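Going by Swiss-Prot, these are the annotated features:
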type     : residues : note
TRANSMEM : 139-159  : transmembrane segment
TRANSMEM : 189-209  : transmembrane segment
TRANSMEM : 234-254  : transmembrane segment
TRANSMEM : 264-284  : transmembrane segment
TRANSMEM : 292-312  : transmembrane segment
TRANSMEM : 325-345  : transmembrane segment
TRANSMEM : 379-399  : transmembrane segment
TRANSMEM : 412-432  : transmembrane segment
TRANSMEM : 477-497  : transmembrane segment
TRANSMEM : 500-520  : transmembrane segment
Amino acid sequence: MLVTFTEAAATASTSSLISFSLSSPPKFHHKSRIYGCKATFGLRTKPTSWIAAASLSSSTTTTSSCGSSVFDPLGIEQDNSWGVASAWDGVLKFVSQTFESSSGTRKDRSSSARGVAAAIEDSSIDFGDFFKGPLPGKFLTLLGLLALSRLGIYVPLGGVNREAFVGNLDQNSFISTLDSFSGGGIGRLGICSLGIVPFINAQIVFQLLSQVYPKLQDLQKKEGEAGRKKIKQYTQYASVGFALVQAIGQVLFLRPYVNDYSTEWVLSSVILLTLGSVFTTYLGERISDLKLGNGTSLLIFTNIISYLPASFGRTVAEAYQEGNYTGLAIIVVSFVSLVFGIVYVQEAERKIPMNYASRYSGKSGGLQKSAYLPFKVNSAGVMPIIFSTSSLSLPATLARFTGLDILKKAAVALTPGGSFYLPTNILLIAFFNYYYTFLQLDPDDVSEQLKRQGASIPLVRPGKSTAAYIKTVLSRISVLGSGFLAILAAGPAVVEQATHLTAFRGFAGTSVLILVGCATDTARKVQAELISQKYKNIEFYDLEK
């Protein structure tokens, strides 16, 4: 719309002024206030002469601001109470300036506080900061709970020939691995020998069911923290059932080694083993409440650490008896190299840069440094190895109950050292790793979450294109993760064949992966706790100062 501004001359010697009234120009005199336009409209007049320019610059009342705040270009609304309006505008101007000054001060303090927070994150953490907060008390409570979890392992079941059972235990790689997870509880036949394994099995089952059963999937994703608490409660109930089934299976497995296999012994043993597993699961939940790491992982970490000296001692004794010092040196070097390799791969990640609609840093004016989407190289963890080991032990378990010759031959071929053990194990690990990677990270779900947050990948359209791009990245990462897990699973078998030492069989690469992963996770939690202690001293929005 084109608006034409006409000039109305007040006197012959004064400047020309803009008037928005097209019907009748107002009359001016030397004491009246001029109702024109504010400078914020960007409208300027051009004087007709240098005398008019001088007159315009000397008149402070005409060039400061307009008296009326109503934009009325057609002159429909006339305001005769110019004095009250001028006073009211003056009050509003003063109040607005006051609040703008207050807002500017708050922004300055907020930016300075964020600067202090960034300096805290970048600064190194002193060892003395550990004793300034609640961390010492939390660690003492953690050590007490872990020690309490170990007591049940040293309370054995009665009436079992332990020497004969331990001799057969070394020949079964799967049970040896479970024995390392329980900290030697299976070998000692303790009442807490099942440990946290039934709870882990229940978690695996519910993770698989959440992808098949839509109600569980909605409960996990759409209901937030309340839904996750319900799933956790269902998992705890299911772990009791798994503990009962595994206790019955362990009692049946112990039948050849029991002196008096009676109904009373079976019932009492099943009840004790089930209660021991429930007690261990309860301790794991209390450990998780300390927020120093996952309680399940810390329990397994403690059991593996306690199993390590005995396993290494048996390996050293076997090497000295056979005079195989070269094999012992190879095992030590392989173990150290394995630890460093696991640390490197666990910390490796694929970073996809992200663009956010409104996430900019205050100082530089550009995107924040953390504007990327990280994907771990080994996002599936140890679950593919556990699934593969369980699958390889299935023929031996079925052959024990059925007695079929074909199952016995398959069990011999799929045991460590068998002809089909390595290729079958690697293929199963690759399959389960690919499946479990996409079970944890759904590309469509990730794409939808990025779209809701206003984030996008550069040169990739939001929606289906983003989901396809993420799927391609995860597929390539799963190949690297499968190769890494295959080395972990097949490495101990290769070292065993090269050194001819079997005492270290139960302590596989899976155990080292759990140790390293749990240690790094706990270190991150402690560092986050120390940083949060320093954040408590920062006042981000303090208006009184």
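Cβ atoms are placed via backbone N, Cα and C, with glycine included.
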Leading contact stretch, 139-159, 264-284, 325-345 vs the transmembrane segment (189-209) - CB distance under 8 Å: 264-284
Leading contact stretch, 139-159, 325-345, 379-399, 412-432 vs the transmembrane segment (264-284) - CB distance under 8 Å: 139-159
Same-chain residue ranges lying at least 6 outside the transmembrane segment (412-432) that approach it to Cβ under 8 Å: 173, 380, 383-385, 387-388, 391-392, 395-396, 482, 485-486, 489-490, 493, 496-497, 505
Beyond the flanks of the transmembrane segment (139-159) by 6 or more, those residues with Cβ under 8 Å of it: 182-185, 188-193, 254, 258-260, 265, 269, 272-273, 276, 279-280, 283, 286-287, 290, 292, 298-299, 302, 306
